[in-house]
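If you look up TrEMBL, you'll see 77-96, 102-125, 137-159, 165-187, 196-216, 222-242, 254-275, 287-309, 321-337, 343-360 marked as transmembrane segment. The domain 'EamA' annotation in TrEMBL covers 90-209, 223-360.
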Amino acid sequence: MSRESTGASVSWRLVHCVSHASITPLCNIRIRAIEIAHYRNNGALITIEGITHEGQTVTATTTRNTTNTSWSTHRGWVALAVGYQWFYNGANFLAFKIAGNALHPLMVATLRFSLAALVVLPFALRRWRHSPASVPELGGAALIGVTMLVASQALAIWGTHFLPAGVAAVFGSSAPLFLALFAWAVLRQPMTGRQIAGVAVGMAGLVLMGWTSATGGDFRPVGVVLTLIGTASWAAGSLLAPRLALPRDPLISLATQLTAAGAVLGSIVAVSGIAATTRPASVAPSAWAALAFLVVASTLIGYAVFLTLNAHVSTTLANTFNYAAPVIALFLSALLLHEPLTLVKLISGGIALVGVALMIDRK
């Protein structure tokens, strides 16, 4: 939530807000302060403080709903966007598995973000003249790219190499659990009873999922460690982002994040010798198709869908992929990769996702 205050004379009305800076007059007072508290996706709470001619201080509040837009009223478009978000977030882990088995997982991440950056950069440069970013803003976006793309997504791809894709998706859905734990441990934000229950249930489900999957030949504990570190890095980046100066234009911010991630990962694969040992001619077509899915369907289209949902629907609806995508991944991996889908795995995954669901903000 961000706040801004201004002492400008603004016409106002108690019960209806036309826009952030234009409110129809109701009474003749002198505006002393107007504070707009922006709530992500759900609108704004506007508090106006004024002084009457008699010297009496009066305060009024009103809300402005930004979710009731023409786009969000078309339920078919909303359902299509949410369904696509569920699908690609679940299918991501199958693409991680297929591409990461043919190429080194860090090479997959390098190509994914570098190719996406090449597509986004020309459009971002066209937007630059209208919305240039400062050096601190570019630095903030680059830091988010390293945190949320290199330390998070690259490790998730690497972790999936050592796990069944469906199991990796369940572990990868634990970001809300880490968000609550980090906010409590680092920011000293107390957890509610619902959050404590969510962390306890979610962690129990993850432990059960690991225990029930440990007997499989495609399961190695290092995959769990890498995936959870990646998920924790995503949570850390989510807490860090609001505290950084970032470009105002989301396309410029995305281009900076992708470029920074591609540069860091490219340096890693070059220095480590991964690039030198990569033989593109020996890579199966299915792996290239999986990489293309990650670049186009997940990174480019997926980001656009995520931004659109966040601008037009509630935070709760926009983040349902946290517990819908792992279910899709479990079934897709069973259908396409022939991974065993046992009742115990479904139960343990369900317990973990109940914990995640408890963490989703419903305000």
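From the backbone N, Cα and C atoms, a Cβ is placed for every residue, glycine too.
Comparing 77-96, 102-125, 196-216, 254-275 for CB pairs under 8 angstroms to the transmembrane segment (287-309), the maximum falls on 77-96. Note: the stretches the transmembrane segment (222-242) and the transmembrane segment (137-159) are in contact (3+ CB pairs below 8 A, sequence gap of 6 or more).
Same-chain residues lying 6+ beyond the ends of the transmembrane segment (77-96) with a Cβ under 8 Å from its Cβ atoms: 71, 105, 108, 156-157, 160-161, 165-166, 168-169, 172, 290-291, 293-294, 297-298, 301-302, 305-306, 308-309, 312-313, 317-318, 320-321, 324-329, 332-333, 336-337.
Sorting the domain 'EamA' (90-209) by DSSP state (H, G, I as helix; E, B as strand; all else coil) yields 99 helix, 0 strand, 21 coil.
Annotation: stretch 343-360 has the most Cβ pairs under 8 Å to the transmembrane segment (165-187), among 102-125, 137-159, 254-275, 343-360. Only pairs six or more apart in sequence are counted, and the transmembrane segment (196-216) with the transmembrane segment (343-360) gives three or more Cβ pairs under 8 Å, enough to call it a contact.
In the predicted structure, the domain 'EamA' (90-209) carries a mean pLDDT of 91. Where the transmembrane segment (343-360) meets the stretches 102-125, 137-159, 254-275, 321-337, the count of C-beta pairs under 8 angstroms peaks at 321-337.
Between the transmembrane segment (254-275) and the stretches 102-125, 137-159, 321-337, it is 102-125 that has the most C-beta pairs under 8 angstroms.
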